[in-house]
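Worksheet for the structure shown next.
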Amino acid sequence: MRTLWLMAVLLVGVEGGVIELTKMIVQEMGKNALTSYSLYGCNCGPGGRRKPMDATDSCCYVHKCCYKKLTDCDPIKDRYSYSWVNKAIVCGEKNPHLKELCECDKAVAICFRENMDTYDKKKKINLKLFCKKTSEKC
């Protein structure tokens, strides 16, 4: 159980309603979010923003920027509700701050699907030793 929780925490940027984000990625991609994206490239998983290696990695970069813009919510602890309607993610929160969090997670799940042709299994477990800092602002 402890190992499962650790893997969940490593998921895309460490933050977010991990359960919700994991489900969104499975629904959009049909892939195991933990094994496919938690350490992908230079931006997925723990750590700061780095120069993206490809479009899939850019999804994680943008996701971290999205979290950075959130106000009045804690992406690590706060949970939100959403539904899967006609193969689409629908954020269902009345709380505008939790809806923003849901929209950040929805965007990264859709970004992964739209850029699945750039996914490179060789980048699936990247220790980030050779990742370059970026001067790009969110």
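Cβ coordinates are placed from backbone N, Cα and C, and glycine is handled just like the others.
The number of other Cβ atoms within 10 Å of the Cβ belonging to Cys42 (disulfide bond), over all protein chains shown, comes to 25. The feature disulfide bond is assigned by Swiss-Prot to Cys42-Cys131 (among others), with similarity to another entry given as support.
Marked as disulfide bond by Swiss-Prot on the basis of similarity to another entry: Cys44-Cys60 (among others).
Among the features that Swiss-Prot reports, disulfide bond is placed at Cys59-Cys111 (among others), with the record citing similarity to another entry. Taken residue by residue with DSSP, Cys111 (disulfide bond) is part of a helix. For Cys111 (disulfide bond), the number of other Cβ atoms no farther than 10 Å from its own Cβ, over all displayed protein chains, is 19.
Among the features that Swiss-Prot reports, disulfide bond is placed at Cys65-Cys138 (among others). DSSP gives Cys65 (disulfide bond) a helix state.
Secondary structure from DSSP puts Cys104 (disulfide bond) in a helix. Of all the Cβ atoms in the protein chains shown, 25 others lie within 10 Å of the Cβ of Cys104 (disulfide bond). According to Swiss-Prot, the feature disulfide bond maps to Cys66-Cys104 (among others).
In the three-state DSSP scheme, Cys91 (disulfide bond) falls into the strand class. Every protein chain considered, the tally of other Cβ atoms within 10 Å of the Cβ of Cys91 (disulfide bond) stands at 19. Residues or ranges marked as disulfide bond by Swiss-Prot: Cys91-Cys102 (among others).
The annotation site 'Important residue of the cationic membrane-docking site (MDoS)' is assigned in Swiss-Prot to Lys121 (among others) on the grounds of similarity to another entry. Over all protein chains present, the Cβ of Lys121 (site 'Important residue of the cationic membrane-docking site (MDoS)') has 8 other Cβ atoms lying within 10 Å.
Annotated site 'Important residue of the cationic membrane-docking site (MDoS)' per Swiss-Prot: Lys124 (among others), in sequence order, evidence recorded as similarity to another entry. DSSP classifies Lys124 (site 'Important residue of the cationic membrane-docking site (MDoS)') as coil under the three-state reduction.
Annotation comment: Swiss-Prot describes Leu127 (among others) as site 'Hydrophobic membrane-disruption site (MDiS)', evidence class similarity to another entry. Cβ neighbours of Leu127 (site 'Hydrophobic membrane-disruption site (MDiS)') (same chain, under 8 Å, six or more residues apart in sequence): Leu39.
The Cβ of Lys128 (site 'Cationic membrane-docking site (MDoS)') has Cys42, Gly47, Arg50 as same-chain neighbours under 8 Å, each 6 or more residues away in sequence. What Swiss-Prot lists as site 'Cationic membrane-docking site (MDoS)' is Lys128 (among others).
Phe130 (site 'Hydrophobic membrane-disruption site (MDiS)') falls outside any helix or strand according to DSSP and counts as coil. Other Cβ atoms within 10 Å of the Cβ of Phe130 (site 'Hydrophobic membrane-disruption site (MDiS)'), summed over all protein chains shown, number 9. Under the heading site 'Hydrophobic membrane-disruption site (MDiS)', Swiss-Prot lists Phe130 (among others).
Among the features that Swiss-Prot reports, site 'Cationic membrane-docking site (MDoS)' is placed at Lys133 (among others), with the record citing similarity to another entry. In the shown protein chains, 10 other C-beta atoms lie within 10 A of the C-beta of Lys133 (site 'Cationic membrane-docking site (MDoS)').
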Site of maximum Cβ density within 10 Å, from disulfide-bonded residues Cys60, Cys65, Cys138: Cys60
Nearest of the recorded positions (Cys91, Lys124, Cys131) to Cys66 (disulfide bond), judged by Cα-Cα distance: Cys91
